[in-house]
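Going by TrEMBL, these are the annotated features:
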type: TRANSMEM; residues: B:20-40; note: transmembrane segment
type: TRANSMEM; residues: B:47-69; note: transmembrane segment
type: TRANSMEM; residues: B:89-116; note: transmembrane segment
type: TRANSMEM; residues: B:128-147; note: transmembrane segment
type: DOMAIN; residues: B:148-471; note: domain 'NADH:quinone oxidoreductase/Mrp antiporter transmembrane'
type: TRANSMEM; residues: B:153-173; note: transmembrane segment
type: TRANSMEM; residues: B:180-203; note: transmembrane segment
type: TRANSMEM; residues: B:276-295; note: transmembrane segment
type: TRANSMEM; residues: B:315-337; note: transmembrane segment
type: TRANSMEM; residues: B:344-364; note: transmembrane segment
type: TRANSMEM; residues: B:421-440; note: transmembrane segment
type: TRANSMEM; residues: B:460-479; note: transmembrane segment
type: TRANSMEM; residues: B:499-518; note: transmembrane segment
Amino acid sequence: MTGVILAGVIGALFALGTFLLLRRDLIRVVWGLAIISQAANVYLLAMGGIAEGTAETVPVLEGHGHEIHVPMAVADPLVQALVLTAIVIGFGMTAFALVLSYRVYEEHGTLDVSKLGDRE
Amino acid sequence: MIGSVPATALAASPPVAESQLVIAPLLIVLVAAVGSLLFGRWTRARIGVSLLGGAAYAVAVAAIDWYIVLAPSAPGAATYQVGGWPAPFGITLVADGLSAFMLTMVAILGVASLVFSTRVLPEIDRRSYYFPLFHFLALGVTGAFLTGDLFNLFVWFEVMLMASYIFVAYYGGPQHTRAAFWYVALNLLASAVFLLAVGGIYATTGTLNMADLSRRLADPAAYGIDPRSVLGLYGLLLSVFAIKAGLVPFQFWIPTAYRAAPPQITALLAGATKKVGIYAIIRLSFTVFADAPVAVDLTVPGTGLAVAGNSPLPFVGAVLFVMAAASILVGGLGAVGRESIEGVLAYSSIGQVGFIAVPVAIAATTTSPELRQFGIVAALVYALNHTLAKGLLFLAVGAVRTATGTSSLSDLGGLAGRSPPLAISFFVGALALVGIPPLSGFFGKFLVFDVAARAEAPSVLALLLAGSLLTIAYATRTWNRSFWGARTAAVEEATTDSVQLAVLGVLAAAIIAVGVGFEPVYEFADAAAEAALDADAYVDAVDPADASDVDLEAGGEGGETGGEHE
């Protein structure tokens, strides 16, 4: 069930991001890019495998203050590390894209993509 | 065990070389970047640190070339496990023939562009972050060539892209910010696609280490993997790499971005970051995914066109060939009608990447191992020629701009008489693009034609011939419009910079030297192609630990880092 909901949410995020990406307003384009990268992050997290959580699968409680018992089921930590990296990169890129769109506005006096001049 | 080393040498050298040399170029560039940032206030110190970093980088790359690949007792490949974590758990850096060949190209062009930059900068802005960014760009490119981990490749792509975004927007005018925004938007989208592919590959195979991937995909049953979805995921990756390489239909960002960035940076964008895309296609197609047992059948009914096999390679070859053919035509036709030198060169580099991709596509579709290796060699030699020639030409654009303040064809004319050294350098670069002996371009073109001839594909030969004729057309037109004819006012008042001309002269000499002394270059490219194709040697060099080897105290489900599926 979790998997179905997650798939639906990821699909909806990608759809929303694509819709915004195709707008004429530059800020919406940046929003679209940000949402698509977040959707990719959620997808990446889901790729570690989804299992229903129970009291036995909470590593902090189980191992807290004692030696951690390895056979305990834990979530795949690698995808979480990957997502952490991807979030940081995505954050920097979004910030840059926003600053750049402000600069585009300063140079062109508009945020309308179709009025930014000829592409030769 | 390791392909290019004779049996006697193998006994003398360790089969698996761990070497700190592998990480040296990365550390040097990083130190240079931080150093030039620290000396932000003192222009001379900053330039000094940068040049020192460039020289040290060239030495480190030369050391990798010699001690790891070319020396008689060299191991052929060396690794560095970052942080002491064994593969596949940590990040592995791998320097083998292919990486070393690519690094050498970048080192030559990078140092040339760096020296050139020191003479352009006073005009632009002395206190800008130009040099740190330059080193970060080189850092991303170097990391992408050296990494042995798929996610780490993504990170290095981002490092490289971040610096290149800023360079595209560097002058800050209307067309520069517009070009930068398109470039950023496209590449952010490409990054998301890259992440999707990485996630999917991890979920399918349970690893992201390239050597481990290669080993698992070669024998999926032993690891309990279903390799079928890997083909589609690799298709996603291929599209990301095609965007970096600028293959049609992903070429549209190139003309605007190349004209917006400073010319000496465009030389690097065309000569280095494009080659990262090519490198990634070769590395992942031939070293990592080649042995995955995925049935591919792309036979078109009724035409006799049949591309099929039990590997992703026929798919890669077919897709790459269509993109390469379109690139050659779009790039060639586009370049003929441009109104500025850098416009011509930007379209030209779309076409030239097509020339690099055609032999790769033939190598992927052929079943003959000799032709496969020969195809990669041709692609690498052509890539080297393109890096040198296009780098030289873009730097020449920079020199023309410094001298005359313009690079528009209608404002130029008679430059040959005004500055013969500049004209000769440009002439050598243009002839190398066209492929005149004894320049490096001749062997590049010759090998690519030879690969097509050996594959017995007359239509490919016709395509290459058409592309070559277009190259002659736009090279001649650019030369005639800017270097011959009556001197314009801009040219009459031109004052050239001697250091810039010296850099151009050195690159022109390198193009001639590669053409005249082609034998060692060919051998190096051959060693690189062998490294790209020999997946077993790559896996042996990295030697990823098996999940069952890992000793976890309590045992349990084992040390599988891989996806724990429902």
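Keep in mind that glycine also has a Cβ here, set from the backbone N, Cα and C atoms.
The recorded stretches the transmembrane segment (B:47-69) and the transmembrane segment (B:460-479) do not share 3+ CB pairs below 8 A when only pairs 6 or more apart in sequence are counted, and are therefore not in contact. Beyond the ends of the transmembrane segment (B:276-295), by six or more residues, the same chain brings 98-99, 102, 141, 144-145, 153, 157, 160, 210, 213-214, 217-218, 220, 227-228, 230-231, 234, 237-238, 241-247, 308-313, 316, 320, 353, 356-357, 360, 363-364, 372, 376, 379, 383, 532-535, 538 to within a C-beta distance below 8 angstroms of the stretch. Tertiary proximity for the transmembrane segment (B:89-116) is limited to same-chain residues at least six positions away from its ends with a CB under 8 Å from its CB atoms, namely 4, 19, 21-23, 25-26, 50-51, 54-55, 57-58, 61-62, 64-65, 68-69, 76-83, 134, 138, 141-142, 145-149, 152, 209-211, 264-265, 267-268, 271-272, 275, 279, 282-283, 287, 380, 383-384, 387-388, 391, 395, 398, 499-500, 503, 506-507, 510, 524-525, 527-532, 537-538, 541-542, 544-545, 561.
Only sequence-distant pairs (6 or more apart) were considered; of these, fewer than three Cβ pairs between the transmembrane segment (B:460-479) and the transmembrane segment (B:180-203) are under 8 A, so the stretches are not in contact.
Counting Cβ pairs under 8 Å to the transmembrane segment (B:128-147), the top-ranked stretch among B:20-40, B:153-173, B:180-203, B:315-337 is B:153-173. Between the transmembrane segment (B:180-203) and the transmembrane segment (B:153-173), the number of CB pairs under 8 angstroms, six or more residues apart, is three or more, so the stretches are in contact. With a cut-off of 8 Å between Cβ atoms, the residues of this chain six or more beyond the transmembrane segment (B:153-173) that come close are 124, 129-130, 133-134, 136-137, 139-141, 143-144, 147, 179-180, 183-184, 187, 191, 194-195, 198, 244, 257, 260-262, 265, 269, 273, 276, 280.
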